[in-house]
Amino acid sequence: MMDDMKETNHDAYELRSPPESQSPGDNFGSNDRDQANMARMGKDQEMKRVFRQVSLISFTAIIMGTWQWMLMANTQGLINGGRGGLFWSYIWTLAGYGLLAASLADMASMCPTAGGQYHWVSEFSPPKHQQVLSYVSGWLSALSWQAGNASGLFLCAKLIQALIAIGNPAYAAPAWQGWLLVVAVTLICVFFNIFAEPLLPHMQNLFLPVYVGAFIATVAVMCALCPHVDAYTALIEITNEGGWSSSGLALMVGQISAIFALGGSDAAAHMSEEVRDAGLSVPRAMIGSILLNGIIGFIALIPFLSALPSIDDAVSDPSGFPLVYVLNLAGMPNVTIGLIFLQLLILMVGNVAYQAATGRQTFAFARDGGMPFSKWIGHINLRYHLPVNAVLLTAIITLVLCLINLGSSDAFNAILSLAAVAQMATYSISISCVLYRRLTAPHLLPKAQWGLGQWGVPVNAAGAAYAWFAFFWAFWPSATPVSATSMNYAVVMFGGVMILAMLYFVVKARKSYAGPVTRTEAYLAGKLT
């Protein structure tokens, strides 16, 4: 298979050299391939290419944060499926994400642009449907990244409250204080993303060893100091505490914990226009990050489940985090505080990066005319060479989304579900489109530095099937019967955003949004019509 993952040649697209009139100072750190790719896609190089291979892997791996999310954001999985359910759902989810990452990396090499999925849909879908499909994909991708960004900042706020609760057991962690903490951490991320953005690659490289070191320390404490249950209870036994009609149904509902924990490898794609040699560096970062996080997430999950004597006590812990419950069993409060503080620090670094990727995706879609106020959102600040307006909009959306916490006890799971369903929708549409192109006109696929070769069709087909499967289950509530405060509001938010997006399409976007394929060299040359 590795022999097939090499440079793939196709006739429709040839990497073109940049215009001879372009001065060396205009390329913002691009190499010849970067300039040729941007020219082929009809894009101007407006941002500096500050990322290299190692810093991009660090950036993507920390954004994913799989082992952290699996140990902290696992309440729905523990309630629905229990320890064994969380373990086995992680395994099949990791396999599914392997197929997704390979498919997305393949497309990212062909079209290394900040737009990501909606751009790929525009290039690979049937020409008569590309406008609507790519427009819908753009909104779904924006929704996914905005919800994911909000979930990370929400988690940081909850962790701060958990640290306070460890030191002061009487602290009730009111929801309004949690929202104010979201405001604080969001403003920190905005500061770094605007005024300290050139330091972002160095920050990610600096914290990747911290990320791995915190993983080792947390696993060591759970293995050496915490009490353990037997292997059958930890890894095999499936329980149903959510009130569902069967353990199998509970297991399907609980897989959302693993789905969200393994997401985010496509962050590298949305940073493509700031990565040197993006056509090769981006797919490598996507595959490298899913391998790194998949392995250490699996290793961390086993001792966590083994050190969990009571699911009921874990999910009802005053801190709100089963991991805090497990670490407290070690009987060393200062160790618990230290490890949770490390988690908070790494998550903050990841949130800075996540906000960066979210802002780029939003900027790119606005640049192509897909959003209201596209001119303002898609503007590049000439002082910083950054999409400052898109970053500010992302911060505002985070604060609005996190307001749901004031009215719903299950707000965090709702935001996670929203991110997951929108993400899986974009994955399924984009992978289905590239599969269509592979089956009907493979010679029209762009030239790529990294490719799936003969494995393209089966990997794409299996990846699309998994994405549709995960999309269906991500809408479900965490327990039944469902009340107004415990329902999964992801379906409401998802439906509401898509209705508004389609109304905007009918009113304006059908005229202002043509789809990015219409700017590519192949389209302008009449090869795709």
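Positions of Cβ are set from backbone N, Cα and C atoms, glycine also.
Note that TrEMBL annotation is computational and uncurated.
According to TrEMBL:
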- 1-14: compositional bias 'Basic and acidic residues' (COMPBIAS)
- 1-35: region 'Disordered' (REGION)
- 19-30: compositional bias 'Polar residues' (COMPBIAS)
- 50-67: transmembrane segment (TRANSMEM)
- 87-105: transmembrane segment (TRANSMEM)
- 152-172: transmembrane segment (TRANSMEM)
- 178-196: transmembrane segment (TRANSMEM)
- 208-229: transmembrane segment (TRANSMEM)
- 249-269: transmembrane segment (TRANSMEM)
- 290-311: transmembrane segment (TRANSMEM)
- 331-354: transmembrane segment (TRANSMEM)
- 384-406: transmembrane segment (TRANSMEM)
- 412-436: transmembrane segment (TRANSMEM)
- 457-476: transmembrane segment (TRANSMEM)
- 488-507: transmembrane segment (TRANSMEM)
Range from 178-196, 249-269, 331-354, 412-436 with most C-beta pairs under 8 A to the transmembrane segment (50-67): 249-269
Same-chain residue ranges lying at least 6 outside the transmembrane segment (249-269) that approach it to Cβ under 8 Å: 56, 59-60, 63-66, 69-70, 73-81, 85-86, 88-90, 92-94, 97, 100-101, 104, 107-108, 112-114, 116-117, 148, 151, 238-242, 275, 281-282, 285-287, 289-290, 293-294, 297, 353-354, 357, 413, 416-417, 419-420, 423-424, 470, 473-474, 476-478
Whether the transmembrane segment (290-311) meets the transmembrane segment (208-229): three or more C-beta pairs under 8 angstroms: yes
Range from 87-105, 178-196, 331-354 with most C-beta pairs under 8 A to the transmembrane segment (152-172): 331-354
Same-chain residue ranges lying at least 6 outside the transmembrane segment (384-406) that approach it to Cβ under 8 Å: 28, 46-48, 146-147, 149-150, 153-154, 157, 175-176, 178-179, 182-183, 186-187, 189-190, 193-195, 197, 355-356, 358-360, 362-363, 366, 376-378, 412, 414-415, 489
Positions on the same chain near the transmembrane segment (331-354), where near means CB under 8 A and six or more residues out: 59, 62-63, 65, 68, 72, 145, 148-149, 152-153, 155-156, 159-160, 162-163, 166-167, 185, 188-189, 192-193, 200, 203-204, 207, 210-211, 214, 217-218, 221, 225, 264, 267, 321, 323-324
